[in-house]
Amino acid sequence: MWLLGPLCLLLSSAAESQLLPGNNFTNECNIPGNFMCSNGRCIPGAWQCDGLPDCFDKSDEKECPKAKSKCGPTFFPCASGIHCIIGRFRCNGFEDCPDGSDEENCTANPLLCSTARYHCKNGLCIDKSFICDGQNNCQDNSDEESCESSQEPGSGQVFVTSENQLVYYPSITYAIIGSSVIFVLVVALLALVLHHQRKRNNLMTLPVHRLQHPVLLSRLVVLDHPHHCNVTYNVNNGIQYVASQAEQNASEVGSPPSYSEALLDQRPAWYDLPPPPYSSDTESLNQADLPPYRSRSGSANSASSQAASSLLSVEDTSHSPGQPGPQEGTAEPRDSEPSQGTEEV
């Protein structure tokens, strides 16, 4: 690609050497189809009256027949009859037509040089936005003479160089503002969704954490006044109870005393009395005072005799309640001694 530049220069120089008069190929201008400029340069005949000056003296565009304009009502036809420009570009200080016909006879039209435009000293009229923009729009530098130093080129101030750019500035501004508002709304909505999702995840993982770290019942304290305590929940340590200062003082005052303190403070009245006198007569008991010894078989016989006597007494009462039975008298002396022995034992 970098070889194309020098190659084009060589070809153009060779073509000019062939077309220029005075060289070995000066007779080529006599060939039909070529056009000789007023300065003696030869150009192809197709370049004549094409709306673009190819000769240095613009002789190829002189005495050309003007074609009928085909431009619309809002366009300005150039003098060549080939090109059309936007109507507001006429007499704006720039040659928009290739032949510069859009900047000719500008002072003759009062509408184009109205008070809304800037009148140059040479008679041209330009838009007021072109004043002090750092460019010679009036072609006599009259639009840059009365400018302040702060508005000189290179001061960082942005200037508008054409009227069509003013039309696009509001739309660009509105587009930037709308995009910024949409971006802020999207970011806020995304942040709200993320916050809601994180909160939901924390609520879902809380029961699992409680299963992994069960709460010990021994660490829980039940109080009569729960509003005097502070209960904090920690993810790592579980439930923690922090009592208030007043409750701690009350618990210290109302706590039961120790075993040794209770014995010293609450001794009975007889604790300090002297012991009773020692008597040796009480320990020696006579064998006659003791009840007779009864074996286990004897006690069983006495129990059976008592049961039999109770049955006989029931039968006697059923026959004659007022008279004792015949066997009641015989059974009573025999059972009196065993019953007495069992009761005393």
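Just so it is clear, glycine is given a Cβ too, placed from its N, Cα and C backbone atoms.
The structure displayed is predicted, hence computed values, not measured ones.
Annotated disulfide bond per Swiss-Prot: C29-C42, C37-C55, C49-C64, C71-C84, C78-C97, C91-C106, C113-C125, C120-C138, C132-C147, in sequence order. The domain 'LDL-receptor class A 1' annotation in Swiss-Prot covers 28-65, and the record cites sequence analysis as its basis. According to Swiss-Prot, the feature domain 'LDL-receptor class A 3' maps to 112-148. Marked as N-linked glycosylation site by Swiss-Prot: N24. Residues or ranges marked as topological domain 'Extracellular' in Swiss-Prot: 18-173. According to Swiss-Prot, the topological domain 'Cytoplasmic' annotation covers 195-345. As annotated by Swiss-Prot, transmembrane segment applies to 174-194, with the evidence given as sequence analysis.
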Spatial neighbour of C64 (disulfide bond) that is closest, considering only the disulfide-bonded residues C37, C84, C132, C138, C147 and their CA atoms: C37
Which of C49, C55, C71, C91, C132, all disulfide-bonded residues, has a Cβ with the fewest other Cβ atoms inside 10 Å: C71
C55 (disulfide bond) as reference: those disulfide-bonded residues from C42, C71, C84, C91, C120, C147 with C-alpha within 10 Å of it: C42
Shortest C-alpha distance to C91 (disulfide bond) - which of the disulfide-bonded residues C37, C71, C120, C147: C120
Number of other Cβ atoms within 10 Å of the Cβ of C84 (disulfide bond) across all protein chains: 16
Residue counts (helix, strand, coil, in that order) that DSSP gives for the domain 'LDL-receptor class A 1' (28-65): 9 helix, 6 strand, 23 coil
C138 (disulfide bond): tally of other CB atoms within 10 A of its CB: 22
